Amino acid sequence: MTNIRKSHPLTKIINSSFIDLPTPSSISSWWNFGSLLGICLAVQILTGLFLAMHYTADTATAFNSVTHICRDVNYGWILRYMHANGASMFFICLYLHVGRGLYYGSYTYTETWNVGIMLLFAVMATAFMGYVLPWGQMSFWGATVITNLLSAIPYIGTNLVEWIWGGFSVDKATLTRFFAFHFILPFIISAMVMVHLLFLHETGSNNPTGIPSNMDMIPFHPYHTIKDILGLLLMLTALLVLVMFSPDLLGDPDNYIPANPLNTPPHIKPEWYFLFAYAILRSIPNKLGGVLALVLSILILAIIPLLHTSKQRSMMFRPISQCLFWLLVADMLTLTWIGGQPVEHPYIIIGQLASILYFSIILIFMPLASLTENHLLKW
């Protein structure tokens, strides 16, 4: 008799995706982040669901409802801080996951890669709207500044912004719709994750060498499940340490001041995971140019498969490309730091140089380095 795991219509889908899935034996811990992102999404949906039971999306009561969750709801404080810091963990895993894809050439699976880029945009949109919900000073002014960027679009910009606001400023209508979208998007993201996995399982996983590993596969369970559980324990430990010991470490103190349209905070800045893009936006003096640079800083990932000029897929055996990759990482960290600094000398020029370097590495230096390495192979 065939094992029910392999014959039942429902369990055989799970079996072929998570149990008997043939997986390269050589994949390292850099391949853990996909499963960690899945766990992050589940944690965010669950904590978010319970928070939504007590939250009110109204300008008069939103701030107080969050305070009520933290003070009066049983374990409300842990729900709130797990959700807020879970978002930070989500983005750490996301950036490491994308970085892994860049380093090991996973972007040559173009369908999986493109769905991944759409997922990145969806998660960023969700996180932005979630940051608006507590209705503190940074929530209100962050929403005002970021939505206002759309007014840079020629001709329709102003109408578009007022349409998104639901009025002539960020107000009750804006908060209500942001809550609605913040609630629905994670479920859309879950569906997109299924598509992401569907495309991945069409081709199978890449591996550190970038060489096809069809002749050296092992079942996903128990080998990689055990490995993923180790990553999960490490991530949950980090998250719980953050939540229990310094829950406000990554937040902004200004968000503990209720939103006041008459009082602008001295430094408006988004959450830390958007600072690199915010620094690129600020480094261009022109509004439309800044908005385009902001969008392109993420959208540039879509053309990376076209810029792949190397004869090898992975960077494992390409030292020049490796140096450029780590330079790009250092550059992104520099941009993240600059994004949190005031707009004054020397931060302005550092931000501009880091922004130029960011695009130059991806568009010019990396393809050239790959061509150089191709020539070196002939020696």
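Cβ atoms are placed via backbone N, Cα and C, with glycine included.
What Swiss-Prot records for 33-53 (among others) is transmembrane segment. Nonlocal intrachain contacts for the transmembrane segment (33-53), taken as residues 6+ away from its ends with a CB within less than 8 angstroms of a stretch CB, comprise 69, 76, 79-80, 82-83, 86-87, 89-90, 93-94, 96-97, 100, 182-183, 186-187, 189-190, 193, 228, 231-232, 235.
Long-range contacts of the transmembrane segment (77-98) within its own chain (CB-CB distance under 8 A, at least 6 residues past either end) are made by residues 30, 33-34, 36-37, 40-41, 43-44, 47-48, 50-51, 66, 69-71, 116, 120, 123, 127, 130, 235, 238-239, 242-243, 247, 250-251, 271-273, 301. Residues or ranges marked as transmembrane segment by Swiss-Prot on the basis of similarity to another entry: 77-98 (among others).
A helical conformation is recorded for H83 (heme b b562 binding site) in the three-state DSSP classification. Per Swiss-Prot, heme b b562 binding site is recorded for H83, H182.
Under the heading heme b b566 binding site, Swiss-Prot lists H97, H196. In the three-state DSSP scheme, H97 (heme b b566 binding site) is classed as helix. Less than 8 angstroms from the CB of H97 (heme b b566 binding site) sit F33, G34, L37, each of them six or more residues away in the same chain.
According to Swiss-Prot, the feature transmembrane segment maps to 113-133 (among others).
Taken from Swiss-Prot, the feature transmembrane segment covers 178-198 (among others), and the record attributes it to similarity to another entry. If one looks beyond the transmembrane segment (178-198) by at least 6 residues along the same chain, the residues whose Cβ comes under 8 Å of a Cβ in the stretch are 17, 38, 41, 44-45, 48, 52, 55, 57, 112, 115-116, 118-119, 122-123, 125-126, 129-130, 132-133, 143.
A C-beta separation below 8 Å, combined with a sequence spacing of at least six in one chain, links H201 (ubiquinone binding site) to S16, S17, L21. DSSP assigns H201 (ubiquinone binding site) to a helix. Per Swiss-Prot, the feature ubiquinone binding site maps to H201; the stated evidence is similarity to another entry.
The transmembrane segment annotation in Swiss-Prot covers 226-246 (among others), and the record cites similarity to another entry as its basis.
With a cut-off of 8 Å between Cβ atoms, the residues of this chain six or more beyond the transmembrane segment (288-308) that come close are 98, 102, 105, 107-108, 110, 113-114, 117, 120-121, 124, 149-150, 152-154, 276-278, 280-282, 355, 358-359, 362-363, 366-367, 370. Swiss-Prot lists 288-308 (among others) with the feature transmembrane segment.
The annotation transmembrane segment is assigned in Swiss-Prot to 320-340 (among others) on the grounds of similarity to another entry.
What Swiss-Prot lists as transmembrane segment is 347-367 (among others).
The two recorded residues, H182 (heme b b562 binding site) and H196 (heme b b566 binding site), show a Cα separation of 21 Å. Sequence-distant contacts of the transmembrane segment (226-246), counting only residues of its own chain at least 6 positions beyond either end whose CB sits under 8 Å from a CB of the stretch, comprise 29, 32-33, 35-36, 39-40, 78, 81-82, 85-86, 88-89, 93. Between the C-alpha atoms of H83 (heme b b562 binding site) and H196 (heme b b566 binding site), the distance comes to 24 Å.
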